[in-house]
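What follows is a set of notes on a single structure, which appears directly below.
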C-alpha cells in the first residue's frame, strides 16, 4: 500500500490537463503507440471537441521511479467546469493528492481557484505544476507569484513541464511520488468504498468507479449501497490502464471499477458508500449529497410525433448522466414536451447538443429558468420552476429567488466594466481583493440574471479575460412579477418570464418589438402585447399583407372603390376571428437576446 499514489489533476479549461494525462499514460506504457489518441481519457466526442472533461475517468499506471521502486499511480481525471463541481469534489475526495496544473502563459483562473479550495478543504495535498513552459509568452516567475498570492500555497520551485512536447513529464511523476502521501486504510476492516463516478454500458449495465477506503472487495461478494439500501452481487472487478483489466479483488487504497447486476444509474449514486452485506460498515463515508438541479428549460420536439423518441433519448442520456432530471409537460403553444433540470448552462448546452447529435432530434428549447420559492397567503410554500405555473398574483405573499455567490477573477484594467455589469444584474458586492495584476471580485447575484446571458457578457466586457466560478448561497425575498406575452389576444405560455419589477416594463417593450420582427406577416393584423397581470405595458402590431383590390378600377366612381375596400376590411375582420398564428422557433430564442437596459 505504501507504493500506491492516488491523485487527480486540477486545471482550468484549456490549461492542458488532458494532454498531461496522455503523457503520463504514454510514459508509463499504459497503451502502446497505435492505441494512443489525443485526449485518451475524454471518451465522448463532445468532450474532445469542446476540449472539456465531463465525466471522471481513471487510469492505473505502473511507474518505475528513480529510486528503483515501482509505484502504482492512480490518476482520477476531474472535470474543470463550474457546472460539474460536485463531480470534482467526489473525484478529489477519492485522492490523497492533486496536481494543480497552471498554464505558464495565462496564469491562475477562477475555476482553478475554486477547485483548489475544494481540494484544500478536503485535506488533499496540492502540488503546483506549470505547464506550457515552451510557449514564447510563458512567464513562470510571475505565475508562481500568482499561485502564492491567490491560492496561498508555496509555489517556488514548482515543477515546470510542457505536456505537448513531453519536457519535464518525468519530473512531474517524481514529484507525485515524493510529495503526495500514500493512502491510509485497513484492509481487514469492514468494507467502505466510495463511488467516484458511474456510467452505463450497453453490455454489462452500470459500471461504477470506486475508491476502496477500508476493507477488501472480492468477486462474487454481496454488496450493499448505503444510501439506497439496495443489495447486489459483484460480477466483475478491475482497473483501467485506460483499457480495462480484470482483477480478483480490490484492497484498501486502490481505485478500480466494480460491475454488479445493477441496471439503473439511480441506484449507484455518485458519492455513495458501498459495503459488504455480510460484514457491513457502521456508517457511510461523509460528503454524499443528492444532486440538485439549478437551471430548468423546456425541451419540445419540432414535430409532435417525435415525442416518444425524445422520451427514449432523454432516458438513454439519463443512464449516463444521473444529474439530468426530466418530467413531461404540455404547452398550448408548443404541444407535448419535457421540463428538464440541469446543473447549469453548460450542462444544458451539452444535453441539447447530444440530443441533436447522437439521437438526431430537432428541438425547440425554451428560455432557461431557475427555481423560485413562493410563499402563499395561506402560509403554504411551493417551488416553481416554470413561469407559466406561477400562481395568481393575488394569492402570493412573497416570492424568494435563489442567490449565488460568484467569484470573478479579472485583470485590473477591466474591473470597472465587470462591476458595472454586476450592478446591472442586481448584484451586491461582497469583497474585492487585489492580487498582483489580477483582481478577485466576490458578488452575490440573483441566479436568474446569471442564467440568461451573464457569462457571455462577462466575457465580452473583459475581452475574454475574466473567469467565473459560482455556488448557490440561499433563497431571499425579491420583488418579482410575471411577464406574459400575448399574441392575437392569447397568452403564449412558453414565452412567459419571471422578471424583477424594475426591469419589467423595459423587458416587455423589448420583447414585444423583437417578436414583431420575428412573427411572419399574415393576411390580417396581429397584436403582440406584453402584460403584467391584466395591465398591458407594451403593444406592437404585425401589419397585414393586403392585396390591392382597386387594381381593376381604372377611372370610375369613388363609391365603387369604397365598396371594394369595405368588403376587403370585413373579410380581414372575419379572418382575424378564426385565424391562428404560427410562432417560429426563433421567437423563443429571442427571449435570451433581450437586454436589461
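Every residue, even glycine, has its Cβ placed from backbone N, Cα and C.
According to Swiss-Prot, the protein carries these features:
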type: DOMAIN; residues: 2-184; note: domain 'tr-type G'
type: BINDING; residues: 14, 15, 16, 17, 18, 19, 131, 132, 133, 134; note: GTP binding site
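Comparing Cβ neighbour counts within 10 Å across the binding-site residues 16, 131, 133, the minimum falls on 133. Over the domain 'tr-type G' (2-184) the predicted model carries a mean pLDDT of 72. DSSP assigns residue 16 (GTP binding site) to coil, not to a helix or a strand. Of all Cβ atoms in the shown protein chains, 25 besides its own fall within 10 Å of the Cβ of residue 18 (GTP binding site).
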